[in-house]
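Features of the protein shown, as given by TrEMBL:
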| type | residues | note |
| --- | --- | --- |
| BINDING | Met46, Ala194 | substrate binding site |
| BINDING | Arg121, Thr167 | ATP binding site |
Amino acid sequence: MQNQTTPGTLLTAMRANPPLVQCITNYVAMNIAANVMLAAGASPAMVHAEEEAGEFAAISGALTINIGTLSTGWMAGMVSAAQSATKAGKPWVLDPVAHYATSFRRKAVAELLELNPAIIRGNASEIIALAGGTSRGRGVDSRDPVELAEESATLLARKYRSVIAVTGATDFVTDGNRAVRIEGGSPLMTQVTALGCALTCLVGAFAATRPEDPFDASVAALTAFAVAGERAAREAAGPGSFSWRFLDALAALDETVIDREARIIPA
Ligand SMILES: Nc1ncnc2c1ncn2[C@@H]1O[C@H](COP(=O)(O)OP(=O)(O)O)[C@@H](O)[C@H]1O
Ligand SMILES: Cc1ncsc1CCOP(=O)(O)O
Ligand SMILES: [Mg+2]
C-alpha cells in the first residue's frame, strides 16, 4: 500500500468519520450486514425502494448493490441508485450473487455492469463466470478455488476499470495492475449465511472513506474480515458461536491489531 496507507490507518479514518453507506442487499443478509457495519464503525442504511433509492444514494458516502434476492422492483431501485451515485461521484460496489443461475440475474448483472461499479466483490465461482469462464457455481456458494479465479479477476478489472475482490480461503484483489492475496479468516465463515454479502457492505464503507483508492479500500475491508474471522474462530465451538464472536472481534479490532495480524502478500 502507498503513502503509509494500511488497513489499520483506514480503519481509524473510517471510525473517525463513520460513513453513511446505502446497502441494497438481500433479505437474508440485511440484519447481519447492518450489524457487521456497526461493529466495524460504519453507518449502514438498507434502502432499496425505487421511489427513494436514487435520492438516498446522493446523500450516502457509498452505495453497495447485491442481487441475492432480486426482483423487478428492486432492480429499478438498484439502477436508479447506481446512476445517482455515479452522478454524485460516489463509489459503488457490485456483489453479483449467483448471477450465473438464471437469465433474470444474468441480464440484471449485465445492466448493472454498464453503470461503472468501482469495485466488484464476489466469490470465485461468481468471478470466473462473470469473465465468461467455466464456473462450477450453481447457487450462492462458491464451488471453485480462488486461484482459478485470479486470471478472470484481472481480465474483469481491465475490462470494466474496476477493482475486483475475489474471496475464499485466500482472497485476491486486483485493479488490473496491482494485485495482492490476503490470508486469514476461517472455514466457519462459509457456514454463516451472508457473511460475503456483509463484507460487500463493508467494502462500501472503506470505499466511502477512501473513494480515490478503491484498491486500498477493498484490501482494508477484506483484511478486517480475515483478521476478525481468524480471531473469532479460535474460541468458536461452531457456526453459532462463531457468528457472535465474529461481530465482537470486528468491534475489537484496532489499528495496531489489524496491521500486526494482516497477511497481505503481493501477487
Ligand atoms: N475456507 C475459508 N477459509 C478462510 N476464510 C474464508 C474461507 N472461505 C471464505 N472465507 C472468508 O469468508 C468471507 C466471505 O467470503 P465468501 O464465502 O467467498 O463469500 P460468499 O459468502 O459471497 O460466497 C471472506 O472474508 C472470505 O475471506
Ligand atoms: C442464501 C441466500 N439466498 C439468496 S441470497 C443468500 C445469501 C448469500 O450470502 P453470501 O453470498 O454471503 O453467501
Ligand atoms: Mg456471495
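Including glycine, each Cβ sits where the backbone N, Cα and C put it.
TrEMBL entries are annotated by machine, without manual review.
Sequence features, as recorded in TrEMBL, placed on the structure.
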| residue | record | contacts (Cβ under 8 Å, 6+ apart) |
| --- | --- | --- |
| Met46 | substrate binding site | Cys23, Ile24, Thr25, Met30, Ala33, Ala34 |
| Arg121 | ATP binding site | Val93, Leu94, Asp95, Ala165, Thr167, Gly196, Leu199, Thr200, Val203, Ser218 |
| Ala194 | substrate binding site | Thr25, Asn26, Val28, Ala29, Ile32, Ala33, Gly68 |
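Ala194 (substrate binding site) falls outside any helix or strand according to DSSP and counts as coil.
When other Cβ atoms within 10 Å of the Cβ of Thr167 (ATP binding site) are tallied across all protein chains shown, the result is 28. Taking Met46, Arg121, Thr167, Ala194 as the candidate binding-site residues, the subset whose CB lies under 6 angstroms from any atom of ligand 1 consists of Thr167. DSSP assigns Met46 (substrate binding site) to coil, not to a helix or a strand. Proximity of the binding-site residues Met46, Arg121, Thr167, Ala194 to ligand 2, judged by a Cβ distance under 6 angstroms to any of its atoms, singles out Ala194 in sequence order.
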